[in-house]
Amino acid sequence: MKKALLMILDGYGISSTTHGNAVKNAKTPHLDNLMNNNPTIMLQASGEAVGLPKNQIGNSEVGHLNIGAGRIIYTGLSLINKEIENKKFFTNQALLNAIDHAKKNNSKLHILGLVSNGGVHSHINHIYAIMELANQHNVPAILHIFGDGRDVPPTQLLADLDQLIKKAETTKTKIGTISGRFYAMDRDQRWDRIDLAYNNLLSNTGKSFADLKTYVKDSYQQNITDEFIVPAYNNNYKSDEITIQDNDSVVFANFRPDRARQLSHYVFGSNYYDHHPQLRRKNLYFVIMMQYEGINPSAICYPPKIEKNTLGEVLKNANKKQLRIAETEKYAHVTFFFDGGVEVEYQNEDKVLVPSRKDVKTYDLAPEMSAAAIVDQLLKVYTKYDLTVLNFANPDMVGHTGNYEATLKGLEALDHEIGRLLADAKKNNITVFFTADHGNAEEMIDENNQKVTKHTTNVVPFSITDPNVKFTKKEGILANVAPTILKYLEIQIPEEMDQEPLI
């Protein structure tokens, strides 16, 4: 009866560069031995290999989703891009409902969203697609522009305006208002900011412009960049032609929830916040791109998809015992995200949350983090489980501080704990599957000697501590991990896992 342990090192990528590479330069004899003396290949952990757009850096959420699901999980940006490309977007029921509501009530369709190609909260192409859809159905559309300046250069909006204005003309869309994201997309309950943006949408109070480009240029003259553009309305139209009125449809084009939630609460109402605007329009049909926590709109374009037969569910159905263990910083990743982005409790499953250090503000001050406590707890219990899933946070969380020396220390402290774990696993005949969710600690100083704190697009290792295993490929993707473990444990791979085992 084989038993396995899946050890995920968060932010542990592989790069041939030596400069600024904490992974390569740390003294980690146990990890080196693990990779050099056991079957090892590399896995792609970024971009299209994990359901993100090409060349987009990986992240912990997406990484664990793909590892646990055994299939590529398409999220936010790439999911909607794909739908626009294959034209399914134009038959999306939530959007068609908004169109129908506007037609039935002889009213307007308002499009709210961050107008930028940053791809973090929204994408300008998604907004264009909604404008096209309204035009196809002869529904009057009003665009309310939120300036970015954070996920793109601070004055990118001006460069995008020619194309935007042209697109508005061809789709017969009126540009109604403009506001910097500082106001329209606040997430810290600074309601005075939301008030300015919201009142501008409802009743055209405050500043106005006759020419949008001039207004943006004038803002720049006053050192007000896209993010901070003061809410203003287009005075070429009567107020009720461009403001949100009773019976209108409203589509919020942002797919990321955190900065769309407060304005959505103002527009449509929710129980999420105690603070409410003085006025809300009646009988709105309010559509959001993806689920925003606490907001119950009329419809969601892409509601959360329940992934069937993730690794955890397959083990449960096979009556296998499983353990999930991580410190606080990454606990959600080995549970919620690993299970397909849902909270589930399986029978024969235990979850151990090891507290992250609270006595330090940043982890470069305690780069060992809680690795020792994780191993202490693990060694007491893990032999009774068929599969243990474990996350060590050090390479990622210390890597994010940009402190190279501390990251070396963190990796070396972690290696010591991994040494203890590997020795015990060997003694108990437990096979260790070792991988990472994305890169980070291997690129900490760039060629200009500047600190690098972000994730990378580098590959991650995949090692198995069984000399009898032979990999069938030289390289794979994160979604190959789950089917590989199932094959090793001689458990049938479900059809939902469309990625093949690598052994």
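Backbone N, Cα and C define each Cβ position, glycine as well.
Per Swiss-Prot, the features are as follows:
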type	residues	note
ACT_SITE	S60	active site, phosphoserine intermediate
BINDING	D10, S60, D437, H438	Mn(2+) 2 binding site
BINDING	H121, R150, D151, R181, R187, R256, P257, D258, R259, K330	substrate binding site
BINDING	D396, H400, H455	Mn(2+) 1 binding site
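Here the Cα atom of H121 (substrate binding site) is found 22 Å from that of D437 (Mn(2+) 2 binding site). Close to the recorded Mn(2+) 1 site, the chain also has D10, G11, S60, P395, M397, G399, H438, N440, A441, T453, K454: residues not among D396, H400, H455 whose Cβ is within 8 Å of the site's Cβ mean position.
Put simply, H455 (Mn(2+) 1 binding site) is 15 Å from D151 (substrate binding site) when counted between their Cα atoms.
The C-beta environment of H438 (Mn(2+) 2 binding site), restricted to residues of the same chain at least 6 apart in sequence and closer than 8 Å, consists of D10, G11, G13, A45, S46, I57, G58, N59, S60, V62, G63, D396, H455, T456, V460.
Distance between Cα atoms for P257 (substrate binding site) and H400 (Mn(2+) 1 binding site): 23 Å, as a whole number. The separation of H400 (Mn(2+) 1 binding site) from R259 (substrate binding site), Cα to Cα, is 22 Å.
Its own atom aside, the Cβ of P257 (substrate binding site) has 19 Cβ atoms within 10 angstroms in the protein chains shown. Each of the binding-site residues D10, D151, D396, D437 was scored by the number of other CB atoms within 10 A of its CB, and the lowest score belongs to D151. Counting only residues at least six positions away in the same chain, the Cβ atoms of D258, R259, R261, Q262 sit under 8 Å from the Cβ of R187 (substrate binding site). Cβ neighbour density within 10 Å is lowest for R259 among the binding-site residues H121, R259.
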